[in-house]
């Protein structure tokens, strides 16, 4: 075993190695990612967004972007590595290898006379009789005398010249790279070593496990409390109107933890008077309704009033304490709304269907929160199913301006969207009274707004037509276009104080029965992930068709080019229902923009089961098979945007036909099922 001094000297080297192994590659990876980031701006550059300061590159924000927790830890580790390198370098100077010739100040191979002269010279300088300094005495005894003895003794000198050590060949030494006080197990040091082993090997992993389990038992993977999910699941109803989604949304456990202070009473009372018209109170019994509202849990009252203050843009009168609570409420809103959306489309029925109506209401609430538009502005008015809500998300627009342009027969947002650039500029300057710079801001936002097209097909892989119990594959290509050429971008949201990425929800649903058959979240920000999904899906599809490698490669290349041009592939499966014709609708709902949602019709024909086997638990009957008619694949013309109406009525049984919506136009096709005229046979699922 090596000496304890040598082991103690190796301990810093051991720690340096353990730190450097993960730190160096991680730092290189992070620098490469930072260098490869696109410098192209993906946020709105209008004057309203600039004044909000959300995207302003101030010194404070640049420092805050750098001083994240991971970067701070990275800097500390590099500083620690620098200290260790300096310490190791200093220790290496103190621990010197035994070199007799160097100690005596001679060149290797010096003669005996030169060795004796050097020894006499150093003796005069360091001998105890000549120099009373204790350090000189120690140096003379431990180094000069040993070096002289090693070079004057024939055996020692021969060993040194052959093996590099006066004592001859040295054996292999092993040691433990720990500090010397931990290796000395006598007395108190033994207890320290025991505590160190117990702390590092037992207590530290135990503490980490306890912290992780306690956090995982309270939060989901999306950092939402399990208690919130339970409340959302319980209060979610199939007939939940969009106007009632707010009542479920504010019941999150995160909002219940926001403190309610005694001094908040008077500001909340004033805020209540400002937003009272948005609280769905019965005006006939206004006193009873107000008393009922204030009897709710204080946290629910505070949260709803703060959200309504944001929707009505009445936040300037909030106190500093309420401002902090207000920002906390808005910061949590996107992830809570995402979980609320999942609770709406989670399979509830025996057929595995979710609910369409509350899902639409959740997305509409998300749009209003991001754009700071009142829910009452979504009421259908003036021939627009969306009301004036889409106009209010434009900069410099107000209800007075909307009334002015309505006199020129621009009653819906689609009318404004379809106008030419010159006509729109004349309308906004001459009729609305906007300045040239304000018109430029409006055009900038209109260029940021997405235009969506959707192509949907439903089919049974490897079979002709869709039969009862089949596993049907839904494939949808969602294409996004903007006038400014961007694909992934941050929405125009000057009143929302945090960065918010656009997200979309694809729903395949039966609007007549309020059933959501299939749902999936779609994002246009991560192009690499979308390329991976599209490539894998096309590769599996081509392999299922038995295509060769060349055809498979071409299909993958086409899918990659499609993704790079602004398309995203949505794929999923559902079990075919009973025989019949189903008039479904596909919805692409944006959680950030108002009026950019897309609805297309999808016709699905399910045939009576004729294929034998165990698919879906059905077995075809023996005997002659009746040949069914074949429905041709047809192109569905775009409707007069009879999409869905924003419902803000008290009637929960309302299932009326819905009206037009949205500026984003495009075509989608529903692929009808074809019948099978082949004989019975076995079919593996």
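First residue shown is number 1, and so on along the chain.
Just so it is clear, glycine is given a Cβ too, placed from its N, Cα and C backbone atoms.
Any TrEMBL annotation is an automated prediction that lacks curation.
What you are looking at is a predicted structure, and each value in this text was computed from that prediction instead of being measured.
According to TrEMBL, the feature compositional bias 'Acidic residues' maps to 624-655.
The compositional bias 'Low complexity' annotation in TrEMBL covers 675-685.
Broken down by DSSP into helix, strand and coil, the domain 'J' (99-164) contains 49 helix, 0 strand, 17 coil. Marked as domain 'J' by TrEMBL: 99-164.
The region 'Disordered' feature in TrEMBL is assigned to 613-685.
The transmembrane segment annotation in TrEMBL covers 12-32 (among others). Under 8 Å from some Cβ of the transmembrane segment (12-32) lie the Cβ atoms of residues 74, 77-78, 80-81, 84-85, 87-88, 91, 177, all in the same chain and six or more residues away from its ends.
Marked as transmembrane segment by TrEMBL: 66-88 (among others). A Cβ distance under 8 Å defines the sequence-distant neighbours of the transmembrane segment (66-88), meaning residues of its chain 6+ beyond its ends; these are 12-13, 15-16, 19-20, 23, 26-27, 30.
According to TrEMBL, the feature transmembrane segment maps to 192-213 (among others).
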